[in-house]
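In Swiss-Prot this protein carries:
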{"type": "TRANSMEM", "residues": "33-53", "note": "transmembrane segment"}
{"type": "TRANSMEM", "residues": "77-98", "note": "transmembrane segment"}
{"type": "BINDING", "residues": "His83, His182", "note": "heme b b562 binding site"}
{"type": "BINDING", "residues": "His97, His196", "note": "heme b b566 binding site"}
{"type": "TRANSMEM", "residues": "113-133", "note": "transmembrane segment"}
{"type": "TRANSMEM", "residues": "178-198", "note": "transmembrane segment"}
{"type": "BINDING", "residues": "His201", "note": "ubiquinone binding site"}
{"type": "TRANSMEM", "residues": "226-246", "note": "transmembrane segment"}
{"type": "TRANSMEM", "residues": "288-308", "note": "transmembrane segment"}
{"type": "TRANSMEM", "residues": "320-340", "note": "transmembrane segment"}
{"type": "TRANSMEM", "residues": "347-367", "note": "transmembrane segment"}
Amino acid sequence: MTNIRKTHPLLKIINHSLIDLPTPSNISAWWNFGSLLGLCLIIQILTGLFLAMHYTSDTLTAFSSVTHICRDVNYGWLIRYLHANGASMFFICLYMHVGRGIYYGSYTYLETWNIGIILLFAVMATAFMGYVLPWGQMSFWGATVITNLLSAIPYIGTALVEWIWGGFSVDKATLTRFFAFHFILPFIIAALVMVHLLFLHETGSNNPSGIPSDSDKIPFHPYYTIKDALGFLVLILLLLLLVLFSPDLLGDPDNYTPANPLNTPPHIKPEWYFLFAYAILRSIPNKLGGVLALVMSILVLAIIPLLHTSKQRSMMFRPISQVLFWVLVADLLTLTWIGGQPVEHPFITIGQVASILYFSIILILMPLASLIENKILKW
């Protein structure tokens, strides 16, 4: 008799996705981040659900409701910090997942890659709106500054910003709608993840060599289920270390001060995972130019497949591209550091140089390096 997992309509889908899935035998730990992102999403949805049971999205009570969660709700402090630091782990995994995709040429799976970019935008939007909800100083001023950027759009900008705010400033209406969107978006993300996986399973996974692996596939279970389980343990360990020993390490002390529209904090900055984009935004003195650069810093990912000039898919055997890739990583770390610094000399210049370098590497230097490597192949 055939196993039920191969015949049952629902179990059959799970079987083809997680059990009998033919997987390349040589995929490294860099391929663990997909499942880790799935785990992060589950953690965020569950902790978020329990937080939403106690949170109130009203300007008068939002801050005190978060305080109430931390002080009076059973293990509320744990749920709150798991959620806040879970977002940080989410972005660490996201950036590593995208970096893996660039390094090993996974972007040649166009549908999977493009849905991944949409997912990245959706997760960033969710995280931004979530940061507004505790209604601390950085919540309020972060929301004011970032939403205000839309006013740079010609003709419709001001009307658009006031429409998003639901008034003439960030206020009760803004907080309520941000809570509504913050609640619904993770479920939209979960649906997009399914589509992301659907397209991935149409082609099968890439592998470090970038060479088709049809001749050497192994079943996902038990080989990669056990490998993913190890990744889960490492992620949970790191998250718990962060939550239980220094829960506020990645947060901003200003967010422990209730929102006050009459008092601007000296340095308005977003959470650490947005600092690289914030640095790119600030490096351009023009408002509209800065907004375009900010959007392009992520949208540039969509252009990468069009600029693939190499005869090899992966960077595994391409030393010049490898050097450029790691320079890009160092550049992103530099931008992250600059984003958290005040707007003064020498940080302004460093930020501008790092921003130019970021776009230059992706749009000019990497395609050129690939062409040079193609020539070297013929020697």
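A Cβ is built for glycine as well, from the same backbone N, Cα and C atoms used for every other residue.
Sequence-distant contacts of the transmembrane segment (33-53), counting only residues of its own chain at least 6 positions beyond either end whose CB sits under 8 Å from a CB of the stretch, comprise 69, 79-80, 82-83, 86-87, 89-90, 93-94, 96-97, 100, 130, 182-183, 186-187, 189-190, 193, 228, 231-232, 235, 239. Within the chain carrying the transmembrane segment (288-308), a Cβ under 8 angstroms from the stretch's Cβ atoms is held by residues 98, 102, 105, 107-108, 110, 113-114, 117, 120-121, 124, 149-150, 152-154, 276-278, 280-282, 355, 358-359, 362-363, 366-367, 370, all 6 or more beyond its ends. Note on proximity: of the binding-site residues His83, His182, His201, the one nearest His97 (heme b b566 binding site) is His201, by Cα distance.
The CA atom of His83 (heme b b562 binding site) is located 24 Å away from the CA atom of His196 (heme b b566 binding site).
The binding-site residues in question are His83, His97, His182, His196, His201, and the one with the fewest Cβ neighbours inside 10 Å is His201. Straight-line distance linking the Cα atoms of His196 (heme b b566 binding site) and His182 (heme b b562 binding site), rounded to a whole number, equals 21 Å. A straight line from the CA of the residue listed as 'ubiquinone binding site' to the CA of His182 (heme b b562 binding site) spans 29 Å.
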